[in-house]
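Feature annotation from Swiss-Prot assigns site 'Transition state stabilizer' to ARG8. Residues or ranges marked as substrate binding site in Swiss-Prot: GLU14, HIS15, THR16, ASP17, TYR196. Summarising the annotation, Swiss-Prot assigns ATP binding site to SER46, GLY96, ALA97, GLY98, LEU99, SER100, SER101, SER102. Annotated Mg(2+) binding site per Swiss-Prot: SER102, GLU134, in sequence order. The active site, proton acceptor annotation in Swiss-Prot covers ASP146.
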Amino acid sequence: MRVKAPGRINIIGEHTDYNDGYVLPFAVNRFVFLTIEDSGKFVFHSENMNETVEMEKIEKLNRWTDYISGVIKAFEKRGYKVSPVKISVSSNLPMGAGLSSSAALEMATAYAISEHFGFHLPKLELVKIAREAEVEFVGVRCGIMDQFTSAFGKKDHAIFLDTMTLEYEYVPLKLEGYEINLVDSNVKHELSSSEYNKRRQECEEVLRVLGKRSFREVTKEDLKKLPDVLKKRAQHVLEENERVLKSVQALKEGDFETLGRLLFSSHESLRDLYEVSCEQTDFIVDFLKGREGILGARMVGGGFGGGVIVLSKKGAFEKIKEELKNAYRDRFKIELTFHEIESADGVQKI
């Protein structure tokens, strides 16, 4: 059996998903493709890496196989027996660009196992299994947005997701006359070893200091009670949630000018308050600001490298791409990669 699971891009709502916040992602037309078949032992093959790993029983290797192994462990923890299988994976998703290749791999694995063994679990349960794999087995304390979007993606729609209640709404993504591009800074971030988990701890500390259970209970007034660093982190989360709500409204009204401005202000907040951007992504956003037809841009993903989402009028980005590429190369001696992004449906058999 063969399945595919999409990556995702988050229009806005960065570092809110693990803080019970709002997010506005959509599944993208770049996928992890996965084939599953019975086997005498566990065999995991990656076409992209041209590598095969065999194991008698599931174990953690601190490698790409952990995403698959973690999913199998999560099934077993729930009492499902997963006998040895061969899983072959290929992908046209760029790694580390902020498109969440890891969640796509987890979702593809979870869906394939569920169908192959006849468990036929509902998608939401598979989302929870995939997330558990990343949090408990891989060791990255991610929110639920990435796996959720890979599962529930719908072509020509973004997902307005409340990560506290998991209530969601499909918002039409009518891009006629506009386009979304991803600029990959080609500065790589290893999430588990970066500041990502530290930001999570800081956010937990905010709640502890304020005596609150969730960020949804935190008010602007509460910020005054916090020491400087924690105040900045909390301010970003509160204001980013507001930006998501405004962005949903803008999308519904087809107001891409407003959406673009919200992207720029999101980046400023990620840079100055949450402090997860880096020199390279700041350079890209600053370069794009004020250019004709460029409506908005911001860093996407965990931060410290990765990608920049760019919202523009159709054709406007194409006109300045080379200039941006040259300026970036001159400054950092690194080549940029560009991806035009379109929406896609969620995980499915092929």
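Here, residue 1 is simply the first one shown, and the rest follow in order.
Just so you know, glycine gets a Cβ as well, placed from its N, Cα and C.
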Euclidean distance between Cα atoms of ASP146 (active site, proton acceptor) and TYR196 (substrate binding site), Å: 15
Check: same-chain CB within 8 A of substrate site center, minus GLU14, HIS15, THR16, ASP17, TYR196: GLY13, TYR18, ASN19, GLY21, VAL23, GLY143, ARG199, GLU240, GLY302
GLY96 (ATP binding site) and GLU14 (substrate binding site), distance between Cα atoms, whole Å: 16
Rounded inter-Cα distance in Å - ARG8 (site 'Transition state stabilizer'), LEU99 (ATP binding site): 5
Spatial neighbour of ASP146 (active site, proton acceptor) that is closest, considering only the binding-site residues ASP17, SER46, ALA97, LEU99, SER100 and their CA atoms: SER100
For SER101 (ATP binding site), the one of HIS15, THR16, ASP17, GLU134 that lies nearest, given that the binding-site residues are compared by Cα: GLU134
Candidate nearest GLU134 (Mg(2+) binding site) in space, where candidates are the binding-site residues THR16, ASP17, ALA97, LEU99, SER100 and distance is Cα-Cα: SER100
Local backbone state of HIS15 (substrate binding site), from DSSP in three classes: coil
Alpha-carbon distance [HIS15 (substrate binding site); SER102 (ATP binding site)] in Å: 17
Among HIS15, THR16, ASP17, which are recorded as binding-site residues, the nearest neighbour of ALA97 (ATP binding site) by Cα: HIS15
Other CB atoms, at most 10 A from the CB of GLU14 (substrate binding site): 29
Most Cβ neighbours inside 10 Å, all chains, among the recorded positions ARG8, HIS15: ARG8
ASP17 (substrate binding site) CB neighbourhood, other CB atoms within 10 A: 22
